[in-house]
Each structure stands twice: as C-alpha cells, then as structure tokens.
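*Asks:* Taken from TrEMBL, the feature transmembrane segment covers 12-28, 110-130, 142-160, 172-193, 235-257, 269-292, 304-329, 335-357. Residues or ranges marked as region 'Disordered' in TrEMBL: 69-101. Taken from TrEMBL, the feature compositional bias 'Low complexity' covers 84-101.
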Amino acid sequence: MKFTARMCRNEVIPVMVISLTTIVRISFEGVQSFVPASPRVRLGPVIGIDDRFLMNSFQIQNSLDKASSTMPLPLRPSGRDWSTSKSISTNNSSSNQSTTLSTNKLDQTLASLTSAFPFFVLGSAILALLKPSSLLWTNKGDLITIMLASVMWGTGLTLTKDDFTVVLQQNWAAVPSGVLCQFLIMPLSALLLGRTILLPSQPYGSALFLGLSLVGCSPGGTASNLVSLIAKADVALSVLLTSCSTILASVATPLLVKLLVGSTIAVSGWTLCTATARVVLLPVLLGMIVNARAPTLASAISRFTPFCSVVLVALICGGVVAENAALLLSTSAGLLPRIVSAVLGLHCLGFLAGYLVPKLGLRFSEKTSRTISIETGMQNSALAVVLARSIGAPPIASLPGALSATVHSCLGSILAAYWRGVDSGRNDNAIKSMDQSPKDSPDDYPELLI
C-alpha cells in the first residue's frame, strides 16, 4: 500500500498533537500557583519581568505613606477650603491606587502569557506542519537572525553588575562548576547521540548531526530562569549562569562545534565565530549599555520584552518546521522519530548528569544542584537554529534546534513541578510530625516548678 504525504499528515499529526499537548498540559498544570505573587523576582528577559519600574513606584508610595503618618496634622481650613482640599487629596489617592492596580494587572497578564512558553512553541510547530505557508515568511532574508538578536538585546537590558557580584560573593564555586557542566555535558551527549542515532540516517545524517551538535553547544536556555523559580532553585545563580554562558558562547560554541563535527562535515570556524558574536555578544553588550546609561528606559522596555521574546522564539521555531514540513511528513524518510529521540535523549542526559555531577561529585546543596541541572538541560535552541542558517548548512540542519525548544521546555517544567511537589510533601510531613509529637508538660521540667 502506497502512503502519501497527505495520508501521513492525517495519521501522524493528530497522534503527535494529542501526545505533545498532553505533556505540556501536565507540565504546566497549576503553574500559576507555583509562581509567587510577592516578592517578585527578576528572571531575565524571556521568562520573567524586570520589576525595577514597579519597585520604584512602590517605594515612592510607601515613603509617602510613612511620611503622611508621621507628619503633624495641618490646621483645618474653614468652609469650602477644607472640603476642596479633602476632595483633592481623595482624588489623588484614588488615582494612585487605580494606577497601581492597572500596572499590577498588566504585569500579571504578561507574566501569565510568558509562562505559557511551551504552548506558544508547540502551537507554532503544529501550525507550521498543518499549514506551512503561514510561517514561511520568517525564512526570508535575515529575519530570523534579527529576531534572535532582538531576544539577546532584551537579555542585556536586564543585566547589571549586581547580578554578578552578589552570587559571586555568596556561592562563587557554583559558577565555574555550572559553566563547565554546560559546556562539557551537553556537547559530549550530542556527540554520542548524534553519531549513534542521526549520522547513520543518510543522506541527511551529516546535516542532522551538525544541527544536534549546535544544540548541544548552545547553552543559556531562555526559559531556564522561570523553571528555576518553579523548582525552588537558586534564581540568582540561574540568572548568572545564563548570562555567563550566553557571553562565553560567542567564543566557546564555535570551537566546540568545530571540534565535534570538523571531521564529519566542513564547517568554517571563523564564519561560525562571527555569526555567534553578531547575534549574541553584540546585542547583549548593547542592551547592557542601554541599561547602564538609561536605566529608566531599560526598565520600562523590560516589562514587555519577556512576552515579545516568547513570540519571537516561537516564530523562529515555527519557521524552521514550516521550511522542512514536506520532508518531515514524507513516510519514506522516517526522520521525525530519529530526530525526536535524539533531541529527547540529549536533554534527558543534560538534566540527569547536570544534577548528579554537582550533587554527588561536587557535594553542592540541593538548591544549587537543581539550578545547575536546569541550566545544563535547557539550551538556547534559537541560537542553534540561527547558527545553522548562518554558516550555509542545509535547511534540515535547523530542525533539531526547532524541536529542542519544545522538548526542553516541557521536560524542564515537568522536572520543576516534581521538585516542587517533593518539597511540598516534605513540608507537609514535617508539619504532621510536629502536630503528632507529644506536647511538653510542666512536669517534664521539675526544675522550673515552684
């Protein structure tokens, strides 16, 4: 019986949609209850909102409230003057409260939309498979490169010197350890899985191996900061590791990719290095300069960059899937199971080894080990896509990066929800044991009896 692409679409896509949607629904069920409303935490540009603008307004409001409570009451004016001043103060107070409420509501809405990052990426991938023409426009010219550069610019807008100094003073040993885990575990895992699963699948094996190697050598996942918050990990350390790995990627990523695939496929190290610097290093440095010179402007923009970055990353992944939709849906190639299994195995190894190495090998705390695990397992998939296109690789080389965005977001969310559930269970058991323990009696302390 001869299968066609249309028949494969009718058979495969519903099953894939149902399974992936179920995974995302389970991983993000109740995510809003996981994220505390206060105090708010700076989570970076993609999954978290920089709150310096809000905090400034709250501090001003609190100082005004304290000042009004400590200042002596003025003499009460007579007649119309008193009623007029009272109405003016009442109107000003109402205006301030309404402004604060509207600001809080906007930020809550943006945070809710941003936390649905896997839904946006998954929806974009499904749309690209069902109707590729709807997202093919993203592949025109350098549009995808410009999108990723915008995301990296948003990263720089939220970075300050304090993000680096605080963690370095309190937990400095975790920083080099986490960076080494990111640049060693994932590239080695990509080398193992790529040569085992992808390389034998000719004629596309070499291109897919290159794409998986790019994913393994592109640290700094855009959703890792939110996942660290949900998992009750060290969010400050997560932000610092993401920042360090993003900056180091401009040098380390080209060298590692050239080392992994240099003997398999011709890759220009200089071209890869310049492409990484153009889409990562320069935008991040530009964002940091804007933040240092115009912090008020950076704070105002940073309120909206998380959700905008989510949309841009989803469009990048959807565009790559749309470009390779026909090849994915052809039954003769059978590439989709191989790519999914390789990408899934890569991130599973990253999460597992990223937790065991610092926990058992380096004897770090549970909180630090969780953070390094999340930072290791979650990669900058959009960077892998852009680099594959920048060096002139075949279009299918971008496919592992496009699928990686959905896979690592779902796995990270499931892992974070599990860790949070473990902590909640421990807290409940501790409370129960305290309730069931025998109560102290005065007879137990005869020396205190009179």
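Residue positions begin at 1 at the first shown residue.
Each residue, glycine too, has its Cβ placed from N, Cα and C.
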*Asks:* When you check the transmembrane segment (235-257) against the transmembrane segment (335-357), do you get at least 3 Cβ pairs under 8 Å, counting only pairs 6 or more apart in sequence?
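*Replies:* Contact criterion not met.
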*Asks:* Give the one range among 172-193, 269-292, 335-357 whose Cβ atoms make the most pairs under 8 Å with those of the transmembrane segment (142-160).
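*Replies:* It is 269-292, which has the most Cβ pairs under 8 Å.
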*Asks:* List, by number or range, the same-chain residues at least 6 past the transmembrane segment (335-357) whose CB is under 8 A from its CB atoms?
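*Replies:* Cβ under 8 Å, 6 or more out: 12, 181-182, 185-186, 189-190, 193-194, 197-198, 201, 204, 208, 212, 215-216, 327-328, 369-370, 372-379, 396, 399-400, 403-404, 407-408, 411-412, 415.
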*Asks:* In the same chain, who gets a Cβ under 8 Å from the transmembrane segment (172-193) while lying at least 6 residues past its ends?
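*Replies:* Residues 212-213, 215-217, 219-220, 234, 237, 240-241, 244-245, 248, 252, 256, 260, 342, 345-346, 349-350, 353-354, 357-358, 362, 364, 368, 371-372, 375-376, 379.
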*Asks:* Same chain only, please: residues at least 6 beyond the ends of the transmembrane segment (269-292) with a C-beta under 8 Å from a C-beta of the stretch. Say none if there are none.
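*Replies:* Contacts with the transmembrane segment (269-292): 145, 148-150, 152-160, 246-247, 249-251, 253-255, 257-258, 298, 383, 386-387, 390-392.
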